[in-house]
Structures are given as C-alpha cells and as structure tokens.
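S.K.: Here it is: the structure, laid out below.
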Amino acid sequence: MKEPIWAEINLEAIRHNIKEIRKMVGPNREIMAVVKANGYGHGAVPVARVALEAGATRLAVARLSEAQELRRAGLKVPILLLGYISPDQIGDALEYNVTLTVFRFDLAKKIAAIAQGRGQRATVHLKVDTGMGRIGFTPDEEGLAEITAVCALNGLDVEGIYTHFATADEQDKSYTRWQFKRFMLVLNRLEEQGITFSLRHCANSAAIMEFPETYLDLVRPGIILYGLYPSEEVDKGKLLLQPAMTLKARITHVKKVNSGTKISYGCTYTVPQETDIASLPLGYADGYPRLLSSKGQVLVKGKRARVVGRVCMDQCMVDVGHIAEVKVHDEVIIFGGAELPVEEVATWLGTINYEVVCWVGSRVPRVYIG
C-alpha cells in the first residue's frame, strides 16, 4: 500500500482555471502564474507546466530557490522573483536567468555592478509601494527620483514596473481604487520624463475578478489559479473556478471504546458514550494544526466525523460511531471538494484558505490526476 496520506492535485482543474482567467482578461494580456510556496502547496513544477500549457506566459516566485527548482525542471519562460534578493545570491540569479524585483536604489546598483562584471544585463521589474506598506519605492518625489536613477544604470534592463493591492478582496473597493490611482500617477510622471516599461502590472487574483481597469499589460493570478477564491467578499459568479487540491488519508485503526474513555495527549476529551474511534495517520507535522483538536471534521463514507482529543504530531482520532461498517484502509477526505471545502477548515482555524493549503507538509505525497 502507498503512503496512507496524500494530497490529490487535479491538474485538469488548473487548466480550467487558467482558461477561465484568460477568458476574463482577454487574449492580449500576459498571464504570470504565481507558483511561490511550492505552488501554494500544490507542487510548483507540475502546476507551472500545466499553467503554461493552458495559456500562462510567465511565472512568479518569492525565493531564488523556487526559481532554481523551476529552471532545473527545464522551464525556460521568464520567472519574476517577487521578493528580496540578497547580494550574495545575485550572481546565481543571473546564472539562472531570473528576473529580479528592485525596490531600493542601492540594491539596483549592486545588481547592475554584478551584471556588468559578468558581461550581462540583469532584467528587473521595479516595485512601487502604493499602500501595502511592504517593499517598494514610495510614490512621491523621492521615490520618483530613485526610479529615474535606477533606469539610468548601465547593466540593467528595466522591463517592468508593478504594485500590489492590499484590499482588492474586500467589499469596500475605495482603497484599491486609491492605490491604482497612485500607481497610474507614478507611471504618468515617469512617462513625462520619457521612461516607459514593456510590462506594467498590478492585478492580483482579487483585482482580476473585481477591477478590469487594473489589468494593464499583465495579470498575476495566485490563489485563483488553484481554484480558490481570495475571500468571501468577491463576486464568485464572475469566475467559475475548480479547486485543485483534496487532502486524503486512510484509516489505520478502528476500535470500540466505552463511555469515559480518554482520548489523546492531556486526556482533554472524554468519550460520553460507547462509540468507535478511528485513527488517521495525519498530524500537525503534516500541516493539520493542533488547533483543530476536538474541533475539526473529516468525511468518512461521505459523512462528517469529528476530530476528538488533541491532534498529535503524526496522528489524530475521529469519532465514527455513527457511521456503519468503518474499516481500516477506508478513504477519508480531510478537506477538498464541495462537501468539505478548504474554506470551512480555514473558518474553524480563524484563518484563510491560502494558509490551509500552504500548510500541507512536504512529507505528504502529491498525487497528480488529470
């Protein structure tokens, strides 16, 4: 028998989602598939390959190691590193033909100098902080002066410029409109100086759904690529997505227990009446948080079964006394699909769907279908 826990990834769902995004943004804009964090837990390389086959034209990651993994897998398309690059990584980034994000003049100078020393030009995108409060040039006179100086550096090919929205997935759209206005003002001021860019981009998943005016030259789908919506406040009817991940396990043990039996560490749960307890080979080391102790639910034979007692590092227990003929090796859905969506698990945890799928640990095999 194979591993008793696995994440089933439906690649046909990824294809479908990219095609839906393409229909929404039109034929003339580039799609940069965001595959950071191991493709939001789905597997960066398989997801990237399918996304590119389905119509994406570029990839984005957050760490150099993520870009290197994609290159070693034979992917040749442009890859944008969305975050910080340390000076001692710049040479490797150039060797792997990774497009870098520049958000400070001193960083730009360092990249340019290393590129010139290698007889290369480094392709970069400039990041403008229009209201996220993270990395980026400020959209004021000081920031504009820095951007102008960066664009004058030898050794750089300043291909693109971008920003990131903080609240595009919320019901109140005013802050996103304000951010977009600030970004366009920066672009207009730079254009007045004769500085233009091949790729202007700011539309994340929520903006793709809610703000068509922000599409510009390129869009950056992240969570929607995987079939999950950015929040409950976006109009889901605009984009018909298919979730790609279902986390599954097989029951490893079933036993009948009497009323008063204690379950798991700390004896925090006491069985109120005779029942059947099933053990699952799933714990917090696999990305099933301890916070779900006596709170989470799973699907056994299509019925809900409650997690009882504390979630352990490698195991957890569920009460299956109300479900007939539960046996060892029966398949259990931990989350995924319409009957137990990842969003429900996120609600139990007080978090977001992004975090739940990213939590799925590296020792959980990904099994690809479709």
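One is the number of the first residue shown, and numbering goes on along the chain from there.
Cβ atoms are placed via backbone N, Cα and C, with glycine included.
Sharing the record's features from Swiss-Prot:
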type	residues	note
ACT_SITE	Lys36	active site, proton acceptor
MOD_RES	Lys36	N6-(pyridoxal phosphate)lysine
BINDING	Arg134, Met313	substrate binding site
ACT_SITE	Tyr265	active site, proton acceptor
S.K.: Nearest to Tyr265 (active site, proton acceptor) in three-dimensional space, by Cα, is which of the recorded positions Lys36, Arg134, Met313?
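M.R.: Result: the closest of the recorded positions to Tyr265 (active site, proton acceptor) is Met313.
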S.K.: Any same-chain residues 6+ apart from Met313 (substrate binding site) with CB under 8 Å of its CB? Would you list them in sequence order, or say none?
M.R.: Gly283, Tyr284, Ala285
S.K.: If one looks at the chain holding Arg134 (substrate binding site), which residues at least 6 apart in sequence have a CB under 8 angstroms from its CB?
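M.R.: The answer is His164.
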S.K.: Out of Lys36, Tyr265, which of the active-site residues has the smallest number of neighbouring Cβ atoms within 10 Å?
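M.R.: Relative to the other active-site residues in Lys36, Tyr265, Tyr265 has the fewest Cβ atoms within 10 Å.
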S.K.: Any idea what DSSP makes of Lys36 (active site, proton acceptor), helix, strand or coil?
M.R.: helix
S.K.: Reduce the DSSP letter at Tyr265 (active site, proton acceptor) to three states and note it down.
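M.R.: Helix, per DSSP.
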